[in-house]
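*Asks:* One structure is given below, represented as structure tokens, and several questions about it will come after.
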Amino acid sequence: MALSFCGNNKGSNAYSVENGVLNNGCFVDALNLVPHVFLLFITFPILFIGWGSQSSKVQIHHNTWLHFPGHNLRWILTFTLLFVHVCEIAEGIVSNTRMESNHLHLFMPALMGFIAATTSVVYYHNIETANFPKLLLALFIYWILAFITKMIKLWKFAEESLGVKELRFCITALLVVLYGLLMAVEINVIRVRKYVFFANPQRVKPPEDLQDLGVRFLQPFVNLLSKATYWWMNPLIIGAHKRPIELKKIGKLPIAMRALTNYMRLKDSYEEQRQKTEDPEKSPSIWKSMYRAFGGSILLSSTFRYMADLLGFAGPLCISGIVGNLHSSTEIDRTNKTANMTFGVFFMSSNELLKNTSVLAVLLFLALVLQRTFLQASYYVTIETGINLRGALLAMIYNKILRLSTSNMSMGEMTLGQINNLVAIETNQLMWFLFLCPNLWAMPVQIIMGVILLYYLLGNSALIGAGVILLLAPVQYLIATKLADTQKSTLDYSTDRLKKTTEILKGIKLLKLYAWENIFCDRVEETRGKELTSLKTFALYTSMSIFLNAAIPIAAVLATFVTHAYIEEVRLSPDKAFASLALFHILVTPLFLLSTVVRFAVKALVSVQKLSEFLQSDEIGDDSWRNGEMSMCLEFGKKYKYHGDTKVINRKDRYRMDNYEQPMRRQLRPTETEDVAVEVNDGFFTWGSNLSTLTDINIRIPTGQLTMIVGQVGCGKSSLLLAMLGEMQTISGKVYWSKLPDYEIFFDGSISKNRYSVAYAAQKSWLLNATVEENITFGSPFNKQRYKAVIDTCSLQPDIDLLPFGDQTEIGERGINLSGGQRQRICVARALYQNTNIVFLDDPFSALDIHLSDHLMQEGILKFLQDDKRTVVLVTHKLQYLIHADWIIAMKDGSVLREGTLKDIQTHDVELYEHWKTLMNRQDQELEKETEMESQTTLERKTLRRAFYSREAKNHIDDEDEEEEVEEDDDDNMSTTTSRRSKIQWKMCCRYLSSGGFLMVFLMVSSKLAKHSVMVAIDYWLAAWTSSNPHNQSLADPFLNATNYTQNDDTQIAQVTCHCCFLFEMLSFILYIIVILKLSFLGVLQHRSCVPVFIILCGAAIALCLITSLTVEFLGVAAATNLHHNLLNKIIHAPIRFFDVTPLGQILNRFSADTNIIDQHIPPTLESLTRSTLLCLSAIGVIAFVTPTFLIALVPLAVAFYFIQKYFRVASKDLQDLDDSTQLPLLCHFSETAEGLTTIRAFRHEARFKQRMLELTDTNNTAYLFLSAANRWLEVRTDYLGAVIVLTAAVAAIWSTSGPDVDQSGLVGLGLTYALTVTNYLNWVVRNLADLEVQMAAVKKVNSFLSTESENYEGSMDISQVPEDWPQHGEIKIHDLCVRYDSMLKPVLKQVNAHINPGQKVGICGRTGSGKSSLSLAFFNMVDVFEGKIVIDGIDICKLPLQTLRSRLSIILQDPVLFSGSIRLNLDPERTCTDDRLWEALEIAQLKNMVKALPGGLDAVVTEGGENFSVGQRQLFCLARAFVRKSSILIMDEATASIDMATENILQKVVMTAFADRTVVTIAHLVSSILEAEQVLVFSSGTLVECDSAPNLLAQENSLFSILVRTHK
């Protein structure tokens, strides 16, 4: 047919205007073209010039983004307009097919309208970003012209009596409404912005957030299209491929999403609830508060979800339409063409249009795009709301923590664990509940709609299928609850295993020296066995859950179609069958999710209950000088009303919490008492019980003087300090604080914000997880001179010098990597550094030795603080310092015994003074003993040196794979780095799978392939079954034409199966089915004769679902078992050098976080990945089989998919890492605050800590939001790709089946149903791939440790050659011994020669690092003896098996090591000794009586690290352990270094008596302890320099030994 705008039908004059110009339909349509052409002519030059000018400049920065009024409404209307234009084009094209010649005017104006609408939105977006509203005038004119022309068209239709029955009339009416609304939007912009027709145009600034260039999360500010498709994320995700995403790159959050903003919203609604409740005891409803604060967002999300769910049903309905109308569309009834002819053209109804398969294909595509857009929008809104809620709750909890009553914490009403649970678990439970919240009300609607549609399609049989699904839903819920319980028990076993592993790693040196590593390894393996049993149960329940999810739709389809075959008389048509199949798949998802949602709802109820109880718990009293809540102000353009003291702050500082004057919280005394800093009158204070802890307190603290509080342990000294600080509950009495001078200035010139604060050093040291410098300055400005003075005063410089990065070294959580004394001195340094008038020091000398105590007293308290004229209150047990006190308060049993100067007390209370003198004398005697010993601090520094491995060691083994580092150094090319980052570690996948065993891998692969083959066979059979009889005749005789099966057919089948007899039974079965399928398409099979095969196939599929789910999970358990077992054995048997150079935390990470990932996270990810990948592949295979032309379109789609997943995986990994790394500091901050509450409140630093908490929360929320946005970015793109696949498949199917003789409707239905599943699973392929990549890093880290070389346990000598009682004499000969720790390092011992006779007592000494301890390790072959040898009783120890050598020698180490368990386990883990032998050993160590007094005796409990015994007792247990072994050689490695004089005397005495006949080698830290040794070996720089008896060496004045004795080193 020739092309013509108005058509060239015979006999019609299309261009005639005799009846009036506007009565010619073609002319009216041509008139409709005018506005569109006008817009294109006007806008294209402007857009071209705009882009041209932008290309030379830098891209416009987002701070110019400014939304004009009605921005979102305009986008929504324009999208609706585009959709209506698509309908208009479709209607025009379909109407055109009913005409004799082509009438271009039917669809050409609609096509131009579509182009013009697209142009309008592009034009608007560019004007908006350029903030140039005057150019909107062109759009205003366009909307007016379009409105007028459409109105004319509608008017003419109405004149011809056309109405809503005609589709074109409806479309035109819709267009009139849309153009009218867009015109109104444009008028509104003119009204608000006044850019035209007004004298003074309005100037508007962009949103405040965007003026801050640090805000990078742009979702709230971009246009609607960018919002829906996450287009603004493109630069970040694509950029991640070139350079890793860092915290700087993700910037800050917009104001509306910050924790402070959301806290204010939640707090306001919470306070509103509080005011509404009449009963003051009743707590406000948190649910109502949450709804008031965040209800709007939840409703918006639910709306999106409803729209998505309803659009989801368009898929099955469109499939039904396409398959049903596949042939009717080609059989057009052309007999009655003129029936609907008006204006010389055909007018059709909407029903007629919807029978066109091509139109349905396009509608299916649009419905899918819209459905996935709405679904992702719903997800995003809920996640954003959930994160906002979590931020608000965290701020609320933190505020409460800072006001918590100290008695709540100390009396155990609120434990640290409970607070940590609130922060880490309960807030997350509520956040997750909010994520799943829309499902609660969307799911019932989805289920009801699904059942109604199934009933509409299939009748009563649909109810059977729906019933199967509903009946199995509770089973899913039951499994879900069992899963949660099992996970809890697994966690308990995991914690126990980790505790035992930590003990082993901490005491690894002792275990190796005693050859006990295998015994303790078995203890861990035993606990691991219990954990694995629990893991297997967990795997079983997980398998059941996966199985039910896969099997329920199969069971439902089976029940439905079999019932339909026997109940209904009419054969099931392909359109209904495949629409039902798609509906069943839709129906299963909400039911599967429902159990999860209900579980989370129950957890959320519990969480809210806990949160409510916490928020109602006691706070510090209002009658004290603290009145709690911070005052804050928040503005959003208008002043934010807030209850309490508020202050307007300028814009820059509005969102800080500490930029305001602190309210003065201490009651002031009249001016006549200003020589008194603090005064307590008639004070009765309690810790929460009715009994008062402090009674009748009347004291005064003089200003600018040193006040000491003394008394026995537990008499209330610390409580008195806390009572003055307002931490205790006041029963009666008052605490007065004097007014401070107004002119007090901080040392940086500003008024001190701490002028009402107290520098407080608590008895239990409290440190932040920050650098040493940050711990000391504690938020005050850094003053180098002052800082240096404080460091010197507290003798911290030597300790700082030992730290790897000096004072910039991060102190671990709770100061875990420092000793008690070092922690205490840093806390005192913090108190000294603060520029406060009053300093409270609570027993600062408790963990310090006498030298440090003296230094701190003289330099710190008497000089540094007194020179500043600061008021100092010191609680102490060191009575020798009383002479320095200006004022003394003596306490006894919670009341003040005496108050005054020392002279007053000497005069008025002689008895007390004499008592003090006696105690002072005793302390002096202890001082003398202590000065003989090496100072405790020196030992602490040694420990510190060991704890902080050297920088060289630190670099030796890096947490990540070293090879990567080397590669990066060799080639610092960005592209190689990125390609390495984006690679999936296939090698690690193979390593993981091989750990699971090849049988399990084979089972998994074969069962997965078989399952998906059978699934395809079921659907193919359904297609064959429903297509077998195209006439849908009644089936009165089901066996009619059954004779079509001839003998030949049977023979043919038998031959086919015979040829395949060597294959598995399964494969022959599938081949058999394929032959039957071929016959079925030839029309051989009958209706009900298909049922048995269908049942068999469904049964096989259900069985295979079970097998696949079990194999994947149990493959995971097998891999986890092997990897942990190998890792534990490798670590336990690694040389001691490995533990010196590898940080303990790094090894523990392998056993905790990495093992947890391997145990619980990889199996479900692997299962999901394989399932979704095979589903997508089988779907694409089926579509390609049905319509081979689809493969052509598949190539560009595959390329697009490849790039999407490539970019996403890299960005996702970076964002996941950021989320993980920002979560830990937040949790640490909460636990730190809860532990250091009294200190924070005393310093008055609540605001600073709140600000820090808000920053940490916002940082973590930013990372989480970006991760969520990245997931949405991926899902939108893969969903759109899926929609394109569906469109392509539909179009290809329609074209390929357009021939009149071919009935492939069943196959088309099959192809389209599979195409729909691709949409669901495509994004899961990428998500799971990205997750697996992150999780495989755990396998990689574990694998890096599996390559560690083990010690050579075998030895060259057979164990049978070693006498059973070796070494019987204890003779040691050392020949030319050279020792090093590693083949890469220098020797630590060089050419050592010595001879030790049997039973001789030998002392080894030398300065630090001279090689003393290295020699002790050489005796046990724990270091590399690369030259020379040690011969014990005639046997070279290097030839002995390590187990034999180490089990025959005894050693006592410097640090006493005990393991949790029983005393028996610690003395004799091998269980080879009798009880009598153990009691004898305890008696020798003088511990028998103490152990007998314990419940259980030898089986008495030893806690972790032996914490329930003193250090001295622990060392004596180690002595008893050495004696139990009855070895003829005992080595004591600085064994008396960490014990008191009394214990040392016992130890020395035992060695002289119990070990009289044994060879004892003592490595001494104090030369005084080896003065009686028969032989002394003196080392210097790894060389033996002197060897003789102690008296002989002392006789030589210049000998090194005599020098060491004289200098006490």
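Glycine is treated like the rest: Cβ placed from N, Cα and C.
Heads up, here are the entries from TrEMBL:
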type	residues	note
COMPBIAS	958-973	compositional bias 'Acidic residues'
DOMAIN	308-603	domain 'ABC transmembrane type-1'
DOMAIN	678-918	domain 'ABC transporter'
DOMAIN	1093-1333	domain 'ABC transmembrane type-1'
DOMAIN	1372-1606	domain 'ABC transporter'
REGION	955-977	region 'Disordered'
TRANSMEM	33-52	transmembrane segment
TRANSMEM	73-94	transmembrane segment
TRANSMEM	106-124	transmembrane segment
TRANSMEM	136-155	transmembrane segment
TRANSMEM	167-185	transmembrane segment
TRANSMEM	353-371	transmembrane segment
TRANSMEM	538-562	transmembrane segment
TRANSMEM	582-602	transmembrane segment
TRANSMEM	989-1006	transmembrane segment
TRANSMEM	1179-1204	transmembrane segment
TRANSMEM	1280-1298	transmembrane segment
TRANSMEM	1304-1326	transmembrane segment
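Please go over these features one by one and say how buried each is and what sits next to it.
*Replies:* Distant neighbours of the transmembrane segment (106-124): 5, 29-30, 32-33, 35-37, 39-40, 43-44, 46-47, 74-75, 78, 81-82, 85-86, 88-89, 92-93, 95-96, 99, 135-136, 138-139, 142, 146, 175, 225, 345; these residues of the same chain sit at least 6 beyond its ends, with a Cβ under 8 Å from one of its Cβ atoms.
Sequence-remote contacts of a segment are chain residues at least 6 beyond its ends whose Cβ falls under 8 Å from one of its Cβ atoms, and for the transmembrane segment (582-602) they are 312-313, 315-316, 319, 429, 432-433, 436, 439-440, 442-443, 446-447, 450-451, 453-454, 457, 465-466, 469-470, 473, 476-477, 479-481, 484, 548-549, 552-553, 556-557, 560, 1313, 1316-1317.
For the transmembrane segment (989-1006), the list of distant contacts is 1107-1108, 1111-1112, 1114-1116, 1118-1119, 1122-1123, 1126, 1158, 1162, 1170, 1332, 1336, 1339, 1343: same-chain residues at least six beyond its ends, Cβ to Cβ under 8 Å.
Remote same-chain residues near the transmembrane segment (1179-1204) are listed as 1016, 1019-1020, 1274, 1277-1278, 1281, 1284-1285, 1288-1289, 1292-1293, 1295-1296, 1304, 1307-1308, 1310-1311, 1314-1315, 1317-1318, 1321-1322, 1326 (criterion: CB distance under 8 Å, separation of at least six residues from the stretch ends).
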*Asks:* So what's near the transmembrane segment (1280-1298) in sequence-distant terms, Cβ-Cβ under 8 Å and 6+ beyond its ends?
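*Replies:* Those are 315, 322, 326, 330, 357-358, 360-362, 364-365, 368-369, 372, 1180, 1183, 1186-1187, 1189-1190, 1193-1194, 1197, 1200-1201, 1204, 1304-1305, 1308, 1311-1312, 1315-1316, 1318-1320, 1322, in sequence order.
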*Asks:* Per the 3+ Cβ pairs under 8 Å rule, pairs at least 6 apart in sequence, do the transmembrane segment (353-371) and the transmembrane segment (73-94) touch?
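*Replies:* Answer yes: the transmembrane segment (353-371) meets the transmembrane segment (73-94) with 3 or more Cβ pairs below 8 Å.
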*Asks:* Please report, as numbers and ranges, the same-chain residues at least 6 past the borders of the transmembrane segment (167-185) whose CB is under 8 Å from any CB of it.
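*Replies:* Tertiary neighbours of the transmembrane segment (167-185) are 69-70, 73-74, 77-78, 80-81, 84, 87-88, 91, 95, 113, 140, 143-144, 146-147, 150-151, 153-154, 157, 347-350, 352-353.
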*Asks:* When each of 308-603, 678-918, 1093-1333 is checked against the domain 'ABC transporter' (1372-1606) for Cβ pairs under 8 Å, which one has the most?
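*Replies:* Counting Cβ pairs under 8 Å, the winner is 308-603.
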*Asks:* Six or more residues beyond either end and a Cβ under 8 Å away: which residues meet both conditions relative to the transmembrane segment (538-562)?
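*Replies:* Long-range Cβ neighbours of the transmembrane segment (538-562): 454, 458, 461-462, 464-469, 472, 475-476, 479-480, 482-483, 486-487, 490, 572, 577, 580-581, 584-585, 587-588, 591-592, 1015, 1018, 1022, 1091, 1094-1095, 1098, 1101-1102, 1105-1106, 1109-1110, 1112-1114, 1116-1117, 1160, 1163-1164, 1167, 1171.
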